[in-house]
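What Swiss-Prot annotates here:
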| type | residues | note |
| --- | --- | --- |
| ACT_SITE | 456 | active site |
| BINDING | 233, 234, 235, 236, 237, 238, 239, 240 | ATP binding site |
| REGION | 167-187 | region 'Disordered' |
| TOPO_DOM | 1-10 | topological domain 'Cytoplasmic' |
| TOPO_DOM | 32-137 | topological domain 'Extracellular' |
| TOPO_DOM | 159-715 | topological domain 'Cytoplasmic' |
| TRANSMEM | 11-31 | transmembrane segment |
| TRANSMEM | 138-158 | transmembrane segment |
């Protein structure tokens, strides 16, 4: 790369020298002046003419209408300082001159005066016609044409040399070529062992790796490997990393491109790039094509607004044709990632194109611990850092969040000139990631501090009493971002379902802040605005999605609707005005009940509430153990009890393959046992014939439903 840049700069420098030389020659040819010429004013010329110092002269009309007079002196004259600087530099100092020039305005009186003076002095006058600048005119006409043809020639020659960027050779003529960057298999060092927290997803991709390594193993049994694998999940879960790991394990060429790189301002460019991409991949088969953020080009057709989507739809049509046009034995597999699968075209998701869809969700506690260990390899950790505890404290964090957490902790440690990352650094980094940097210099009155302290203590008291689903992780009154303080609630365990009891407890916890304000200060403040926002969202989901309302019944009114604006199949709202009013009534009922419950809890624990609030005013931040100790004994403990178990780590490719076989054997045994039980029950005529319930559950993807980690931000 360094040599290429050096050659580019050398060629540019040579071109610059050539251009400067041409300009200098043109200037020398058309604009040079004689160094032995003295310029005279009109008055001086007439004076010299009357004094009989002029031998002869010529009068010639100029381009600008001014007459030019040029002639010879009878005797050599001394040169003046008005000589041209260019002439002085090139020819040296001139001691005397024999020629002169002068300019006269084109009026009859001036010309008549000059002619009369010349006749009296006996000086010959030689009139000349206006000179025609033939070469200048020809250059003005021909030069733009030559430049245009030179540019066309440069573009055509550059396009034949190969693909280039928009600023290099061939850049203008290479719009139809793919921008996919083929990665060398030898340079791809990412393996399955580098991907943590996605063990089930890696097992799903083992077959893809096996096919790329040994396609005959599948083709001889009549099996067809999936032509496309769609990696779906929220941002930051590692979809791109998984695709790189597949290419690294298979040791095959890896073509990566973004969905937005297909479409340009020119018509037909996207479809041409798709054809070029698949053509290059087939030449390098077995290979992998990875399209990142495929929703940029794969959105549902016919749902656009304004009719400006023709180019994108042509590109999508070409992708559909290419994916359904090549055979699996050609060894080209398409991997794509998206976090908006709901807007993808149904033809793109059908069998034969993206046959397999893998949900890459947020990792569980073991996955988070494994991810932390991967990102902590190059960071020195202090003895008080327990990655297992950090994993338990960060539910809902994805891989990108955990990497950012450790990076922030390392930056804080470097800022404090520490030799290792401590637990305090990680704790501060977690607060920065969740709520923003601390604003310790913000000046607040004592009344505001007390209001915030009792507000957050109210959240803590309700959370400590209603602790079946959640625990109080931390409470602080240190301002961070736009929050004046917050109470951090975490699920006790990894939750995949939320019961009605859990939802109502969470609502009561959110209402604890306003309940404390009314009980202590007897005045409401704006600090509970974020509490109400989250409480309204939870209550609305209970009513419209989860069927937790007797008045509305077990119906889903809103759900995970398609948010694609141009989708004609997405009416909003999908219910009547009367139903909308009933939803508002039920949401209001749930929030009011939660508020009354929070008031009752705080009234029954006044001493604990006051103790936690006073501790917040003194220490500003309390962790889980300190809060629980204050609630139970009224004192703050001095140390914490830590749990030690075998640390989690990401599985390698061979371990993932073995786990896949093991899980498959277990699933088959469970399925056989379930079928036997179903047949026995059917013989007893207790239930009708149907697919076993366990098999139905196994077919459904497991989705992790976690609410926001920060259950309150005191705005």
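Glycine residues also receive a Cβ, built from the backbone N, Cα and C atoms like all the rest.
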- Task: For the binding-site residues 237, 240, work out the Cβ neighbour count at 10 Å and name the residue with the minimum.
- Result: 240
- Message: Using DSSP and collapsing to three states, where does residue 240 (ATP binding site) fall: helix, strand or coil?
- Response: helix
- How many neighbouring Cβ atoms, not counting its own, are there within 10 Å of the Cβ of residue 234 (ATP binding site)? 15
- Message: To the nearest Å, how far is the Cα of the residue listed as 'active site' from the Cα of residue 240 (ATP binding site)?
- Response: 40
- What are the non-local neighbours of residue 239 (ATP binding site), defined as same-chain residues 6+ apart in sequence with CB under 8 A from its CB? 231, 232, 233, 337, 360
- Item | residue 233 (ATP binding site): tally of other CB atoms within 10 A of its CB | 21
- Within the same chain, and leaving aside 233, 234, 235, 236, 237, 238, 239, 240, name every residue whose CB is within 8 angstroms of the centroid of the CB atoms belonging to the recorded ATP site, in sequence order. 231, 337, 339, 360, 398, 399, 400
- Sort out the sequence-distant neighbours of residue 236 (ATP binding site) for me: same chain, 6+ apart, CB within less than 8 Å of its CB, listed by position. 398, 399, 400, 401
- Nonlocal neighbours by CB distance (under 8 Å) for residue 238 (ATP binding site), same chain, sequence gap 6 or more: 195, 197, 198, 360, 398, 399, 400
- Query: Where does the mean pLDDT land for the topological domain 'Cytoplasmic' (159-715)?
  - Reply: 77
- Which is it, of 235, 456: the one of these recorded positions whose Cβ has the most other Cβ atoms within 10 Å? 456
- Message: Check the DSSP secondary structure of the residue listed as 'active site', expressed as helix, strand or coil.
- Response: helix
